[in-house]
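**Student:** Pasting a structure below so you can have a look.
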């Protein structure tokens, strides 16, 4: 039976102050009426004399004694008088014994023979106990005399109580007398801090020291200290144990008295009185001075008492004794005592007269022991009334007795359960089998733990030596585990005892406080009552007052004693805690060494066996070669035999053998799941799965291994808790976790633990939900509720203080301070206080459990704050664990761990199925495109062949499980007409869900409406509606939208609707929510009076959603992108000729909208694709990684995309019979003064740019862009640079001439801008695009909307205010100005609060003060006076044409010379370039022209395009790149001039295709003007890189190669299987 750690609840419950009772928590203790028992014994005249000698004494616990007719004894143990777990009897000094004998001689009478027997031997008193019974009459004088002496003795003890040592004053359980001495369950011999653990269980020499030493020390005590001796009751006798020999005459007896005498030879119980007396005399003579175990009592020799007490507790052991072993039938007085048929447990104490052999045989039993009584809680056994088996004498030196006496130790540490009979080790060890558990138990009890673990044997040793080494290591490991278990049990018992004593002392201290308080109240009450009457105080009253005051002083002294003892116990617990840490450290080192040696030996043994087998095969092969040479073997037979041998050799490869060995040994040393550290388990599983991963390179694996080790290092450092965790260590752990998560290593338990240990993750997906945010949110909500409650102010302050303690605790952790024991105790008290106040924050409380904080009053009382840090570690509740210490190598467990941690390329089952379904679509794409659909009857035009093929593909996809895809045909192939054909070919049959939603840029909406009106027959009754704009362009309800067949809306308008629909409760929490919220969940947070957009109602489900120019949602963070992805629709389509323009992340936004699983989840997309294309120092991927990612992109696009270029052919013919397009690059170099100007500007700007880039201050990035802009302008014309600089100099800092009303007002407006608005300024600076005209911004001529942070051109401010003030969202302010909505985000800005970017830069980036601003104001006023006189106006007449102007004029002149009708489109990013070009076209060449720029309103733009088509004289169109690169059809022109290169090559291609599309009948010529040896060279290089990346993924030829891959190859590419 396993030994249970002892918890001693030491409670004094006696009339005498020197008696202790220790209750073990492993038993059920019945209430004991000790006083009643004492009274019975005294009334019966039972007095127990003790010898003057201080040697050990024999005693018997007797409740009631009688002699039956058959002269046998029977012990009747009443339930109400059950003996306690351990009775601490006081050891009497020589002085005490003499006084006691004098008293007893007076009491017992003058019988000569009997008195001599009592005086000469302690056996006499024992014999008298057997003779006394109820029938013996007692004289009244004797009773009176006895009672008087008892009272006198009690008074004497009470008088001496103040002189007794404070460490050994006992406490009556009812609070009558003094306190108890806490149990010292481990003595000084247990030195746990030794580096080399003594685990041999050999007794210390101090334990068997000569008792004469104690006698001498006792004789030297101060006799004056003890003035009274209490009457000895049955509890005063020393408890001793023995086993009983049985005789045949006792088998039928009914009554027994169990003698508990622990000595070498057990005496036989006498069958009659004389035999009893002689036996007692003989045994007393044998053990005199040796057998008694002294118990702590009222003595002043503290050092001696502590030594004896520690020795006693060291040998306490719970020893169950089966009742069936007794030869007598034991009965209870009360029938209910043994109703549960339990096992009787008897108290056992060690005897010091045992010889060395006997003690050794029982040493392991006595090492960790406690006194055990009869328990109703133990295992059920035979009933008491049914047991009549004879008692058999056990031989203490037999092997059976040894095995039965050694208690089983249940290990509470995380010791691995190693099956040393595992097949792998058995196979490696050969015929040398491992010893059985029974044999090992016998051998291990006497063996000594070896100091060091055997090292690895040489690789060339023989097989026999390897097997021998392995067997030795197995045995050593078994002994190591056993010894560690033993040592652990010792430590845990010590800690448990100290912990229990601390608990009791705390209870007693609280009781002492109450007693002092009650006594003080009583004393004050007496004083008050006597003072109230005004009469003289009588002597009786004075006695009462004095007695009350004395009682109060005594109670205060007792309280102080208890406090001192509690401090002493806590100090002991701290020492044990340090010993525990040292033990755990040494345990881990020893285990690791042992396991490593065991693994190496097993591997080497197998390797040796493999080498021997290979040598045998090679020898056979040589023999066959010799036989073939000699001609004794035919060639066919030789070939067959050598083939078999070669197959054996192939099967015996050492490399494979090593891998197999390691994998097979690992399950052997694997710990039970329930007892392993789940954090370490997660890390180990991640490493294991990474090792098995086939799609990662070795370099990547090594990097990830290093990051996993960083996390383990941080965890260990935090849990050690000895010092502050520095910022660098936390940063390393944070970066490692981020990189691992990005690389697909998903370990929820690890990341949650790191967050709880103070790591703050910027990516909310790593820990979702955010436990840290929930922690502080709970506290904030609790504060709010308490402040609004009706509780008293005192209660509110108390609760607030508790909440502050819990909040500060977590803040300390986030700062890098690990929790200390004192902090845990303080937070535990706060939690208990909150619970008592009724605050239910269960999640918060459970989160605190991770830091081992008690959350209930019971836990707070029971758990000492000094208990070891890593004791009782429990796994999280959501971890499904099945304890299995035997079979830990099952495949099911390995698979569950893979799914549990979601390591990269080991997807969850759902992701795997989704990827397989996606790969099925890859194989179907070829067959789908083979078909051809007919043109719908409701169309007014016939579809071209490639369009019919496209329509067939679109219809097939809608009939599949994908329900949508990407139509990425080249510009001009008719994506719009194919989409219209799809809407007509697959119209909805349900009137409730028939609406097609078409989202497009504003400039394209009119084109769509026109196409629908002209391409669809009227009989189709296909209704359309444009949502937005002025007039009746908006509806409020979904039912109004659902009436139309097609609803057209711009991206900007849809984003505004999403913004207005957003619940007010979630304002400011967008970043904490999913990027694509669920509409129904979102609407639950709205109130009835909020705005409901018809696009986002619960019933809003469109039949089909089409995104034209889908690249507009490429930024996943924009509101337009989120709005498009949130809308519900049955079918979802993206139309875009350039779905990828800058990075692979742009593709994710489209996948997210299409909801293609599993890559619609950002984590999955980044894991397999996105992360390999990021340029960051954190992500170190080689070319092979990127190639694999590109293959995945092609597979993905092949499954969801249809892309055809104009060069593609069908049946040998191109898709479109278009004339050719010729792209010419007209390269030139700067010369003369222009070259000097550019060179000087470049040198100056390079120096400034270097300085700015090295400066990390805000605003430096925009300054670098300005310098780069100047270089690009210089390539076009040097005058552009001058105009830009003059504009910058003349830029107004603020409108208005009043410093207070204008400048200072705007200054404060900027300083009060929200953080979100300031962040938006930085975002707008990155794009350098005006939100109104979409033109490129010029830093010297742009302003900031203070309400939202968007940037706008100075020239666009007036039209923006004019149009926006007419919108219904605009509001008129008190001053008459309008608060107008931003076109992009709908946030309001007062028209007078639009500030220049120059002022914003001065205030935010340069940190201007009011004084600086005033100085700038004065300088500005002077500049304005000068500028009024000298306003810079370019002198166009004196301007010389630049190289770019000359190139442009040459192209125009050549075109005009070759044709009288051909028209030209000229694209540029700089509208100021058009001003210079206009001068030369108008004045020098006299060529008419038109201009199309973003500052024009929609009507003006439309008029320009119509005039360009109709007027044959207007052959030149100047068009800005931003305003006209998409949405326009300009096939009336066939010449395109690109003046300056744009960052994005696809923007240029879109501009070119404005005229190269369907209906173009002329050859198209593209003229790209280029300046060599300038900044345009570097822009061209950037274009080339972007184009290579996109083309590598979008190349139709490479995408088609995917179709040649088999199913297995595709699965391998995505990590689903091996090749």
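First residue shown is number 1, and so on along the chain.
Glycine is no exception: its Cβ is also placed from the backbone N, Cα and C atoms.
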**Student:** Under Swiss-Prot, the annotation motif 'SUMO interacting motif' belongs to which of these stretches: 7-10, 11-14?
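**Tutor:** The range carrying the motif 'SUMO interacting motif' annotation in Swiss-Prot is 7-10.
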**Student:** What range among 323-330, 331-338, 339-346, 371-378 does Swiss-Prot describe as motif 'SUMO interacting motif'?
**Tutor:** 371-378
**Student:** Using Swiss-Prot as the reference, determine which range in 86-123, 124-161 is annotated region 'Disordered'.
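**Tutor:** Of 86-123, 124-161, Swiss-Prot gives region 'Disordered' for 86-123.
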**Student:** Examine the ranges 462-465, 466-469, 470-473, 474-477 and name the one recorded by Swiss-Prot as motif 'SUMO interacting motif'.
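**Tutor:** Here Swiss-Prot associates motif 'SUMO interacting motif' with the stretch 470-473.
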**Student:** Using DSSP, would you call residue 976 (ATP binding site) helix, strand or coil?
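**Tutor:** SS state of residue 976 (ATP binding site) = helix.
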**Student:** With an 8 Å cut-off on Cβ-Cβ distance and a minimum sequence separation of at least 6, pull the same-chain contacts of residue 976 (ATP binding site), or say none.
**Tutor:** 1007, 1008, 1011, 1108, 1135
**Student:** Fewest other CB within 10 angstroms, which one of the binding-site residues 971, 973?
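**Tutor:** Fewest other Cβ atoms within 10 Å, among the binding-site residues 971, 973, is found for 971.
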**Student:** Could you name the residues, excluding 969, 970, 971, 972, 973, 974, 975, 976, of the same chain that surround the ATP site, i.e. Cβ within 8 Å of the Cβ centre of those residues, in sequence order?
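**Tutor:** For the ATP site the neighbour list reads 1137, 1557, 1558.
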